[in-house]
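Chemist: Feature list, courtesy of TrEMBL:
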- 15-27: compositional bias 'Low complexity' (COMPBIAS)
- 15-61: region 'Disordered' (REGION)
- 49-59: compositional bias 'Acidic residues' (COMPBIAS)
- 101-272: domain 'Yip1' (DOMAIN)
- 120-141: transmembrane segment (TRANSMEM)
- 161-185: transmembrane segment (TRANSMEM)
- 197-222: transmembrane segment (TRANSMEM)
- 228-250: transmembrane segment (TRANSMEM)
- 257-281: transmembrane segment (TRANSMEM)
Amino acid sequence: MAAVGDLQFEEFGNAAATAAENPGATTISIEGPGESPTHQAGLPRGSGGEEDDELLGNDDSDKTELLAGQKKSSPFWTFEYYQTFFDVDTYQVFDRIKGSLLPIPGKNFVRLYIRSNPDLYGPFWICATLVFAIAISGNLSNFLIHLGEKTYHYVPEFRKVSIAATIIYAYAWLVPLALWGFLMWRNSKVMNIVSYSFLEIVCVYGYSLFIYIPTAVLWIIPQKAVRWILVMIALGVSGSVLAMTFWPAVREDNRRIALATIVTIVLLHTLLSVGCLAYFFDAPEMDHLPTATAAPNQTVAAAKAS
């Protein structure tokens, strides 16, 4: 057994040379506090970082996946193609409804709410809700107006549902289609016109109709003055959304054409609101009139016979 005095420290040479002489040997490097750790030349430095990025995900990988997802498009005859039009969450729908109720001057509704992810979910259900709101409120309004009259017999008018559906959905699809075609035509004439896709225009029109849902419910009030005040409020809010959205798309065009386009958009919107009020709520009901007018006719006939 070696004595304590025989033990002494020895300085070895280069660790790399020692490892080369003894490949199976294990070496430990003790470094001072002021020295920075050194990497062995044989190990790639980026291998660990790449594995961490794959596990945790980084911005570059997220952007790549996003772009890759955007480039993929399914054929139009598949269910996946139409599923993308309804790929929207509740927060986005509520945010767009709020934007349609509180238009901000100088802010474009498409760029602020729609362009990131245009959808058909909100416009479809807004139009469906508006159809039933107008039909049911119209029936209730007719019932309340003639409530208490002995000659009046209430009969539900289910045809109002189909009529309202035809009017609302035709307006929400045909008008955007015509406007989209017009903007595409003018875009070929004037190169710097702001362009909107057909889906974006349908989305704007659909969300702009939301304010008419509570308005149709309040139209039950049997006061013409109140109804017309509600029409003007709803028309002012929704019409301003449309005007502020499509004005940037035509302002670079000829001045007369730009103004005529905006005026036409507002007039069609006015025609829809006023037409719904006049047909479903202010239409004269003739169901109970023949009972009241039968007696004079019978009296005249009896007088002639005598």
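Cβ coordinates come from backbone N, Cα and C, glycine included.
Automated prediction, rather than curation, is the source of TrEMBL annotations.
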Chemist: For the domain 'Yip1' (101-272), report the average pLDDT of the model, please.
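Modeler: Mean pLDDT across the domain 'Yip1' (101-272) comes out at 90.
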Chemist: Under a Cβ pair cut-off of under 8 Å, which of the recorded stretches 120-141, 161-185, 257-281 contacts the transmembrane segment (228-250) most often?
Modeler: 257-281
Chemist: Which sequence-distant residues neighbour the transmembrane segment (120-141)? Criterion: at least 6 residues beyond either end, Cβ under 8 Å.
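Modeler: For the transmembrane segment (120-141), the nonlocal Cβ contacts are 85-86, 88, 93, 96-97, 156-157, 160-161, 163-165, 168-169, 172, 199, 202-203, 205-207, 209-210, 212-213, 216-217, 219-220, 222, 276, 280-281.
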Chemist: Could you tell me what the rest of the chain brings near the transmembrane segment (161-185), counting residues at least six beyond its ends with Cβ under 8 Å?
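Modeler: For the transmembrane segment (161-185), the list is 123, 127, 130-132, 134-135, 138, 193, 195-198, 201-202, 204-206, 209, 246, 249-250, 261, 265, 268, 272, 275-276, 279-280.
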